[in-house]
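Trainee: Before I ask anything, here is the structure I am working with.
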Amino acid sequence: MRKITLALSAACLLFSLNNAVVARASAPTPLYTGTTAAILAEQAPIHWVSVAQIENSLMGRAPMAVGFDIDDTVLFSSPGFWRGKKTFSPASEEYLKNPEFWEKMNNGWDEFSIPKEVGRALIAMHVKRGDSIYFVTGRSQTKTETVSKTLQGDFAIPSANMNPVIFAGDKAGQNTKTQWLEQKNIKVFYGDSDNDITAARDVGARGIRVLRASNSTYRPLPMAGAFGEEVIVNSEY
């Protein structure tokens with residue numbers, strides 16, 4: 001009889017422990033995890049700069065040629081790219097190789113693009129300095145384009161400072177922007193992508209990173225500051 005009692009006790013104990021483990025495993029993630037001052041203060045070792053600091057660093061220097069990438073640098077152009085994907089290749093990125101998409105994007109769809117405030121501030125600063133403004137984009141070239149007109153209007157660029165957009169295109173294994181930065185003698189180049197920064201460095205120009213908005217359709221988001229370059233604060237919008 002005692003053996004039976006002990007066996008039953010052991011079985012009950014095992015059942016209780018098993019239920020506790022199951023309950024713990026199925027418990028929901030806490031809704032409020034909390035934080036600490038140390039976590040809140042944690043920052044990546046990035047060389048942050050402001051537009052005012054960039055302007056100050058150029059003080060005393062003669063007017064020069066400066067360049068900007070377009071998409072996610074001065075324009076939040078995801079609406080046009082999103083429409084292009086849905087229209088031409090909903091299940092893939094093949095629309096980026098479709099000339100029909102680029103005809104649409106370069107001839108009107110930037111009317112849906114939102115000018116970034118950092119773009120306004122930077123361009124206004126360089127116009128005030130008397131710099132020559134170039135836009136060098138990885139977009140494919142089309143027979144006609146209204147991007148130059150859109151950018152000039154959106155950012156109030158005087159004709160004396162404005163140059164037509166350079167469509168460098170995209171070629172596998174090649175940074176297509178490098179030759180244009182060299183050819184136009186661009187001294188400062190702003191961009192959101194890694195290849196913008198490396199293109200600038202390849203020609204001895206100052207590459208400055210603009211943050212890509214977290215809701216951009218262009219994924220994955222790049223790691224700003226990964227090359228030790230300057231990164232503009234609050235430049236995601």
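Heads up, the Cβ atoms here are built off N, Cα and C, so glycines get one too.
If you look up Swiss-Prot, you'll see Asp69 marked as active site, nucleophile, on the strength of similarity to another entry. Residues annotated as active site, proton donor in Swiss-Prot, with similarity to another entry given as evidence: Asp71. Residues or ranges marked as Mg(2+) binding site in Swiss-Prot (evidence: similarity to another entry): Asp69, Asp71, Asp192. What Swiss-Prot records for Thr137, Gly138, Lys177 is substrate binding site. Taken from Swiss-Prot, the feature signal peptide covers 1-25, and the record attributes it to sequence analysis.
Explain the structural surroundings of these features, please.
Mentor: Note on Asp69 (active site, nucleophile): other Cβ atoms within 10 Å of its Cβ, all shown chains, come to 23.
When other Cβ atoms within 10 Å of the Cβ of Asp71 (active site, proton donor) are tallied across all protein chains shown, the result is 24.
Within the same chain, the residues at least 6 positions away from Asp192 (Mg(2+) binding site) whose Cβ sits under 8 Å from its Cβ are Asp69, Asp71, Asp72, Thr73, Arg209, Val210, Leu211, Arg212, Pro222, listed in sequence order. According to its DSSP assignment, Asp192 (Mg(2+) binding site) is coil.
The Cβ neighbour count for Gly138 (substrate binding site), using a 10 Å radius over every protein chain in view, is 20.
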Trainee: Using a 10 Å cut-off, grab the number of neighbouring Cβ atoms around the Cβ of Thr137 (substrate binding site), all chains included.
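Mentor: I get 26 for this one.
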Trainee: Which residues, same chain and not among Thr137, Gly138, Lys177, have a CB within 8 angstroms of the centroid of the CB atoms at the recorded substrate site?
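Mentor: The answer, listed by sequence position, is Asp69, Ile70, Val136, Arg139, Ile166, Phe167, Ala168, Gly169, Asp170, Thr176, Asn195, Asp196.
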